[in-house]
Amino acid sequence: MSRYVFTSESVTEGHPDKICDQVSDAVLDALLAQDPSSRVACETVVNTGLCMITGEVTSKAQVDFIHLVRNVIKEIGYSGARAGGFDANSCAVLVALDQQSPDIAQGVNEADDHAGDPLDLVGAGDQGIMFGYACNETPELMPLPISLAHRLSRRLAEVRHNGTLGYLLPDGKTQVSVVYENDKPVSIDTILISTQHTAEVDGISDEQGIRERITEDLWTHVVEPATADLALKPSREATKYLVNPTGKFVVGGPQGDAGLTGRKIIVDTYGGYARHGGGAFSGKDPTKVDRSAAYAARYVAKCLVAAGLAERAEVQLSYAIGVAKPVSILVESFGTSALANDALTALVQEHFDLRPGAIIETFGLRNLPQQRGGCFYQDTAAYGHFGRNDLNAPWEDVTAKSQELKQVAAA
C-alpha cells in the first residue's frame, strides 16, 4: 500500500499577487466589454502606495483605467482607516500601456497554416505548452487539496466582507495537506491559515490572546462551514490545525509585500497536483493560448473523466506562434483507464477542435464580459479558474460532450 501526504495552497483576493491578477483581468473585462476583438496583455505591479499597469493593448474601447483600478482595489477591501499603506483612494496609479507588436499581431490575425477555414485564420498568440487536468476526487472533478484550500480562502474572505469577523483584513493564505492511500484521499492531515488582522481583536491586545481568539473563531466560522458538506472532514482531534504560526499578521497586503500579475499560477490551476506549462492567465485576451488553451485542456480532461473513460486525466497541448493547429496533443491517464493513452489521444484529436479560433468560438471567450454585465475574467482571478460552480464557466460544462464521448467509446 502506498501512503503519502499531498499539500496545496490558496490565497485570498487581498493577497498582493492576487490584487494584481484581479486588476489585470478587470482591465481585460473593460476592454472586451466594449470591443470583443481587443488584444490585451496587461501586467500589474503593486507596492506600498503604488499600483502600476503596463503591457500592450490594441482596442477601440475607451476606458478610464485609473478609476477602474481604484474601484478594484476598493472592492477587495483596501480603503479607509484600515487600509494601511495601500489605500484605493490615495495610492498612486500609473498607466503605461503600449500597442501590441505588429509582428505578433500579424501571426494572430492570419495564421501561417490557414486554408480557407475561417477558424484557421486565428493563429496562436505565442508558442507554449499548456496542461489540463481532472480527477474523480471531488464532485467538480478537481484534486481534493486545492479544492479544500480554495473553500477555506473563499470563506475567509466571506466572513470578512459580511462582518462576521470584523477584525479580519484582506490579506490571507490557506494550505491543506491530505493523506492519500493508493492514490485515494483518506484523511486531512493539516490545515494552515494565515490571515491579516487588526492590531486589536475584539478588545484583546496581547499577541497570545489574539492568536487564541483568531484560532477558535476561524475553526467555528471558516473551517467548519467550508467543509460541512464533505464526506471527508477535518476534526480538531485528528487534524493538525495551525493559525498565524508567526504569532501575528497585522502588516500585510502591498504594504508588506510587493505583488505581480501571474505569480500564483499553481493556485490558479491544480495546486501542484498536475503539471503546469508555465504561462499565467490574468490580463491576457483569448488569443493568448496560455489562457484559452489551458481552459480547453481542462475541458478535454474533465470530459474524459466525466465520461468514465479515466479516473484521472492530464492533457498536454502545445502551439507555435502564428499557427492554428496544435503542434502536439497528449493524454495521460496514469493507468486509470481501460483505454491506452494513445487511444485516448486519438479520441481527443478526432472529437475536439483545439485551434485557438475554435476554442474562442466554442466557449464564447471574447463575449463573456459583455454577456456577464462587464465582469467575467476578474471573477476568475481569485480562488482558481477551474472547478468553480459559481462562475458558470463554459469550459466546466461538460455534460453534452462527455455523453458524446461515452457513446463513441461504447460503440
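Here the Cβ of each residue, glycine as well, is placed from N, Cα and C on the backbone.
Quantities reported herein were computed from a predicted structural model and do not represent experimental measurements.
Take the CB of His15 (ATP binding site) and look out to 10 A: across all protein chains shown you find 27 other CB atoms. In the three-state DSSP reading, His15 (ATP binding site) counts as coil. Taken from Swiss-Prot, the feature ATP binding site covers His15, Asp171, Gly172, Lys173, Lys248, Phe249, Asp257, Arg263, Lys264, Ala280, Lys284.
Summarising the environment of Asp17 (Mg(2+) binding site), the number of other Cβ atoms within 10 Å of its Cβ, over all protein chains shown, is 22. Under the heading Mg(2+) binding site, Swiss-Prot lists Asp17.
Within the same chain, the residues at least 6 positions away from Glu43 (K(+) binding site) whose Cβ sits under 8 Å from its Cβ are Cys20, Ser24, Ile53, Thr54, Gly55, Leu260, Thr261, Gly262, Gly283, listed in sequence order. Look at Swiss-Prot and you will find Glu43 tagged as K(+) binding site, backed by sequence analysis.
Taken from Swiss-Prot, the feature L-methionine binding site applies to Glu56, Gln100, Asp257, Lys288. Other C-beta atoms found within 10 angstroms of the C-beta of Glu56 (L-methionine binding site) number 16, with every protein chain shown included.
Over the region 'Flexible loop' (100-110) the predicted model carries a mean pLDDT of 58. As annotated by Swiss-Prot, region 'Flexible loop' applies to 100-110.
Summarising the ATP site geometry, the residues cited as binding it (His15, Asp171, Gly172, Lys173, Lys248, Phe249, Asp257, Arg263, Lys264, Ala280, Lys284) extend over a maximum Cα to Cα distance of 36 Å. Sequence-distant contacts of Asp257 (ATP binding site), defined as residues of its own chain at least six apart whose C-beta falls under 8 angstroms from its C-beta, comprise Pro16. Taking the Cα atom of each, Gly172 (ATP binding site) and Asp17 (Mg(2+) binding site) are about 11 angstrom apart. Here the CA atom of Lys264 (ATP binding site) lies 18 Å from the CA atom of Lys288 (L-methionine binding site).
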